[in-house]
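Q: Pulled these features from TrEMBL for this protein:
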BINDING   N24, L26, G51, E72, D98, N117  S-adenosyl-L-methionine binding site
DOMAIN    31-205  domain 'Ribosomal RNA adenine methylase transferase N-terminal'
Amino acid sequence: MSLPPLREVIARHGLSASKALGQNFLFDEQLLDRIVAIPGDLEGQAVLEIGPGPGGLTRALLRAGARVTAIERDSRCIPALAELQQAYPGQLRVLEDDALAIDHAELMGEPFAVAANLPYNIGTLLFTRWMGGETWPPAWSSLTLMFQQEVAQRIVAKPGTGAYGRLAVLAQWRAVPKLAMKVHRSAFTPPPKVMSAIVHVEPGEAPDGVSARVLERLTETAFGQRRKMLRQSLKGLPGALDALEACGIDNTRRAETLTVEEFVTVARAMGDQRKT
Ligand SMILES: C[S@@+](CC[C@H](N)C(=O)[O-])C[C@H]1O[C@@H](n2cnc3c(N)ncnc32)[C@H](O)[C@@H]1O
């Protein structure tokens, strides 16, 4: 399928990048094909794309045979995406909307993979939503997402590092996130100030008897004062200090020294206390 170069599409539709909408476009079709290969074979798969913009990543997804639903907030991009709908009949559904205002599982109505070069201003918020909630496994089968490199490193961070915190525990306690590819800032138009990286996440097994809400409160409170000992930082969270003791975790340790498994054990013990 021969499509006009993306730079021509941008020029023809007057798509000057909007900073407010976090627009940094990718034009390198080989790079886009490599990104789309990360989740594996997408032939016939339902894929949700957030923020298709002029459609670079969308083209690569369509080339890979995916059935794409794309949510784009910028009305200027819709005519460019309509050209892709014509080139790949029946394979692309476009919604002009705010991805934050939509229930993605309901919209898709079947298991789906997510692929997105996310607008940086909403990337972490969307990610925490996809990773959160009590229902597991989630409606999505994988997430392949572009982040600022610093955020990507926080998602895959290991205990004892400065990057380790709430985001790492949220991403790792029942899923497996991997840093799949680093992307140089010069790959984008316009280039952002910082480097980017793609994180690929697949759902894992959820540990038994742990409430996502309790775990989120625990990590939020513990890392809210990450330099303090747990006996200080967790003092205001009902049941947390008793749970630490019940799990044999020294309360003079600091949040960043606890493994993901230890957080899970403490959250489970906090849940148990509530029931008694
Ligand atoms: C970083 S650009 C990526 C564009 C394109 N996917 C690419 O890789 O070249 C982010 C895109 O998300 C769109 N966007 C920003 N906020 C959005 C929102 N709340 N809902 C849906 N799309 C949004 C922007 O208009 C922009 O097209």
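Think of each number as a place in line: the chain as shown, counted from 1.
Glycine is treated like the rest: Cβ placed from N, Cα and C.
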Q: Please state how far apart, in Å and to a whole number, the two most distant Cα atoms are among N24, L26, G51, E72, D98, N117, the recorded S-adenosyl-L-methionine-binding residues.
A: 21
Q: As a test of reading the model: what is the averaged pLDDT for the domain 'Ribosomal RNA adenine methylase transferase N-terminal' (31-205)?
A: 97
Q: Long-range same-chain neighbours of N117 (S-adenosyl-L-methionine binding site), Cβ under 8 Å, sequence gap at least 6?
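A: Long-range Cβ contacts: N24, L26, I35, G51, G53, G56, L57, M146.
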Q: Give the helix, strand or coil assignment DSSP yields for D98 (S-adenosyl-L-methionine binding site).
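A: Reduced to three states, the DSSP call for D98 (S-adenosyl-L-methionine binding site) is coil.
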Q: Where does N24 (S-adenosyl-L-methionine binding site) sit by DSSP, helix, strand or coil?
A: coil
Q: What kind of secondary structure is G51 (S-adenosyl-L-methionine binding site) part of, going by DSSP in three states?
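A: In three-state terms, G51 (S-adenosyl-L-methionine binding site) counts as coil.
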Q: Highest CB neighbour count within 10 A among the binding-site residues E72, D98?
A: E72
Q: Please identify which of L26, G51 has the densest Cβ environment, defined as other Cβ atoms within 10 Å, among these binding-site residues.
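A: Going through L26, G51 one by one, the largest Cβ count within 10 Å is at G51.
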Q: Which of the three DSSP-derived classes (helix, strand, coil) applies to N117 (S-adenosyl-L-methionine binding site)?
A: strand
Q: Starting from the Cβ of N24 (S-adenosyl-L-methionine binding site), draw a 10 Å sphere and report how many other Cβ atoms land inside it.
A: 19
